[in-house]
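The feature Mn(2+) 1 binding site is assigned by Swiss-Prot to 130, 155, 159, 241. Marked as Mn(2+) 2 binding site by Swiss-Prot on the basis of sequence analysis: 155, 157, 241, 243.
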């Protein structure tokens with residue numbers, strides 16, 4: 001059974017510059033850490049949650065280790081300067097999945113996300129493998145059953161695989177099937193896709209599903225496509241698979257990208273999403289601290305989370 005645990009206070013430590021000025025604060029001083037999972041107490045805040053699971057990566061024949069990412073990313077976030085928006089972050093702990101019950105873990109995350117959103121919070125989830133996306137996305141769909149939900153994925157992979165059980169490569173096929181079951185449209189856009197990393201069958205599935213696909217080669221000029229996608233939906237779920245970044249910026253993932261989309265381009269793409277007023281949920285997935293020798297990759301991932309919270313409107 002998937003268990004919930006509050007985040008350890010030892011994760012939220014950093015340099016104290018408060019002697020310099022009242023506003024010389026860092027995230028460890030402004031993030032609120034909750035000892036209970038009680039989203040109803042935190043309306044209008046951002047629920048920071050960890051999904052400590054990499055069973056989907058294992059099933060997908062990837063490099064395990066992403067289950068350790070949520071706490072590693074908290075440590076990287078803790079010492080970053082606190083600016084506008086960061087005071088809204090409330091750490092609602094980790095959902096820890098026992099091997100091999102991926103399906104139970106996804107259901108627990110789904111229920112937690114739906115509860116947060118219905119309580120008036122927004123969700124920022126630290127994965128975990130990209131199996132995080134089915135639980136997170138399903139929770140968003142549940143919470144906004146009467147509205148159109150757009151799923152924006154920055155990823156080298158389409159993750160539309162067809163297998164006999166859920167993996168880190170199946171979440172968007174699962175979400176498409178959930179939309180079919182709920183008789184609602186499946187709005188999915190994937191930016192940063194590597195043609196070299198996706199079979200013709202996956203491209204055919206994306207075409208059949210009317211997925212908006214922007215390749216890694218074209219992301220430098222993709223803002224218009226991002227804006228068009230934002231405009232056609234009511235609510236947005238943003239998911240960032242860190243393997244969208246080039247290996248020289250992000251080596252600490254299951255499948256590092258030979259080409260990838262540089263961090264600065266990723267930030268330019270997600271800024272209008274964050275500022276749109278439609279973003280309800282976001283996550284960072286596939287970070288693997290086992291392959292982060294000096295903590296540099298954790299800081300790259302944390303900068304994305306930092307920026308999302310700062311820009312979120």
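Cβ coordinates come from backbone N, Cα and C, glycine included.
Just so it is clear, the model here is predicted, and its values are computed rather than measured.
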### Message
Around the C-beta of residue 157 (Mn(2+) 2 binding site), how many further C-beta atoms are within 10 angstroms, looking at every protein chain?
### Response
25
## Note on the structure
Those same-chain residues, other than 130, 155, 159, 241, found with Cβ within 8 Å of the centroid of the Mn(2+) 1-site Cβ atoms are 133, 153, 156, 157, 168, 169, 171, 172, 239, 243, 244, 285, 286
### Message
If you count, for each of the binding-site residues 155, 241, the other Cβ atoms lying within 10 Å of its Cβ, which residue has the minimum?
### Response
155
### Rounded to the nearest Å - Cα separation of residue 157 (Mn(2+) 2 binding site) and residue 130 (Mn(2+) 1 binding site)
10
### Message
Beyond the listed site residues 155, 157, 241, 243, identify every same-chain residue whose Cβ lies within 8 Å of the center of their Cβ atoms for the Mn(2+) 2 site.
### Response
130, 153, 154, 156, 159, 192, 242, 244, 255, 257, 286
### Task
Would you identify the secondary structure of residue 130 (Mn(2+) 1 binding site) according to DSSP, in three states?
coil
## Note on the structure
Spacing of the two Cα atoms, residue 155 (Mn(2+) 1 binding site) and residue 243 (Mn(2+) 2 binding site), in whole angstrom, works out to 6
